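According to Swiss-Prot:
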COILED    32-63  coiled coil
COMPBIAS  60-71  compositional bias 'Polar residues'
REGION    59-80  region 'Disordered'
Amino acid sequence: MASIKFTTKDIFEQDFKIGFRGYDQDEVNDFLDDIMKDYDAYEAIIKELKGEIARLKAQAANSPKTTLPTEESNDVLRTERPSSATNFDILRRLNRLEKEVFGKQIVQDQE
């Protein structure tokens, strides 16, 4: 996990050297104030998320365990799928055969 290099206090107490044609000191201070506000917001978010993680871990520890499908039940599911597909194929073939057989009988009966 990455470590935090600066705190809001570090940013607040940072001094910059003023050189010839240096940066506007008020502009730098305003920018650093915004950064400090962001750091405070990030710290609050982190604290809130850590609390939520702890709450969810406790909830997970206290909740009943759900069982995951075992290899045996997976095998049963795998064997059921081909049979249902086979049943569908059989019904489709039977339907075609009935149309073929009964269709010819209807034509013969009409003659």
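Cβ from N, Cα, C; glycine included.
Outside the coiled coil (32-63), and at least 6 residues removed from its termini, the chain residues within Cβ reach (under 8 Å) are 6-8, 11-12, 14. Mean pLDDT for the coiled coil (32-63) in the predicted structure: 91.
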